[in-house]
Amino acid sequence: MSKIVKVLGREIIDSRGNPTVEAEVHLESGFVGMAAAPSGASTGSREALELRDGDKSRFLGKGVLKAIAAVNGPIAEALIGKDAKNQAEIDQIMIDLDGTENKAKFGANAILAVSLANAKAAAAAKSMPLYAHIAELNGTPGVFSMPLPMMNIINGGEHADNNVDIQEFMIQPVGAKTLKEAVRMGAEVFHNLAKVLKSKGYSTAVGDEGGFAPNLKSNAEALEVIAEAVAAAGYELGKDVTLAMDCAASEFYNKEDGIYDLKGEGKKFTAEEFNHYLAGLVEQFPIVSIEDGLDESDWAGFKHQTELLGDKIQLVGDDLFVTNTKILARGIEEGITNSILIKFNQIGSLTETLAAIKMAKDAGFTAVISHRSGETEDATIADLAVGTAAGQIKTGSMSRSDRVAKYNQLIRIEEALGELAPFNGLKEVKGQ
């Protein structure tokens, strides 16, 4: 019934016009699972390797034919005849066959696409939605929740061609009673933000994740215009809508002199000074979550940041932890941050992703399920968020189909599950 008979890889295009890996897993019963690997722009140095061809004559060197060859060759040969329901075994076969610490032989993009396609095929064979199958794989059958969205409505850093150093300024519609209402509130703030930006003569062009990407006078001004938009939409900042930021600080950290350089506003900080700069923003605005507030290697700085802010707000490690249980375990032991961002292409398989979520939750950390800046129409992260009852999701703004596809899938899931999947809002955020 669920025996694998065919594994197929192909090169498709992501939301930035770059190639990525799409995989199909076909079962004896006729069921097929299909999934695509996302791709990041601001990437942690310890992420699993995304295999690119390096052939400058194709896609400026970003082709993925080597990864596709791995899917259609050794991966397919190893998986044909195996039972798709045994997700951990399927993933381990690919990991062992690759044989490297960071999946450098086949590429995390190849292994992940097959891993997710396999999960989808197995779910179909069991006649159950993907989120329900994921809950079973997670050891929490029938336990679901709808995630609170973090909506990235102003894009900066590596996600935009502007002068804003901090990469993401997000809203969380915490006053919503349902996911669908949260999406509506986010859309209303997004459209009002467009009006606010236009009234100030700013651009309303969008960045990689569908948020606006204007040139602004300062990072604080991004929070100020969002505050105006929230009020214009008829909501109360801090009560109906809270704020979150992803600094992606590794992108503006100068390793040689240990300085955080906000070039957009001509300010330079040591780690301790930047922590106090962030603390000042938290005092000024209802910011409840900050991600990657320092460089991924600045563990001493993160320790200070956690002591300064960790009992007040959620501090999320993305480049810091790269969805890796070995690194997360160190963070938990040393008391670094209190939350992890979950990006399954950072680690390269569904099984390892579930392990990271479990480790975080067991330690009292929160887990925020996340997209990448290079996405496709694949909406698997919506099912992952619901099926693990993670509680929070970060999947961009209210424009671009590669972002909206995830929100639409969440709306469908909420409709199907009803009261079986509660929307807990701000209660999901660490420290709130």
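Glycine is treated like the rest: Cβ placed from N, Cα and C.
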Q) Considering the (2R)-2-phosphoglycerate binding residues Lys343, Arg372, Ser373, Lys394 given in Swiss-Prot, which of Gln92, Gln167, Gln284 is annotated for that site as well? A) Gln167
Q.
Based on Swiss-Prot, name the residue from Glu221, Glu272, Glu291, Glu296 that is recorded for the same Mg(2+) site as Asp246, Asp318.
A. Glu291
Q. Near Asp318 (Mg(2+) binding site), which of the binding-site residues Gln167, Arg372, Ser373 can be found within 10 Å, Cα to Cα?
A. none
Q | All-chain count of other Cβ atoms within 10 Å of Glu209 (active site, proton donor) | A | 32
Q) Which state, by DSSP, holds Arg372 ((2R)-2-phosphoglycerate binding site): helix, strand or coil? A) coil
Q | Listed recorded positions among Glu209, Asp246, Glu291 whose Cα sits within 10 Å of Ser373 ((2R)-2-phosphoglycerate binding site) | A | Glu209
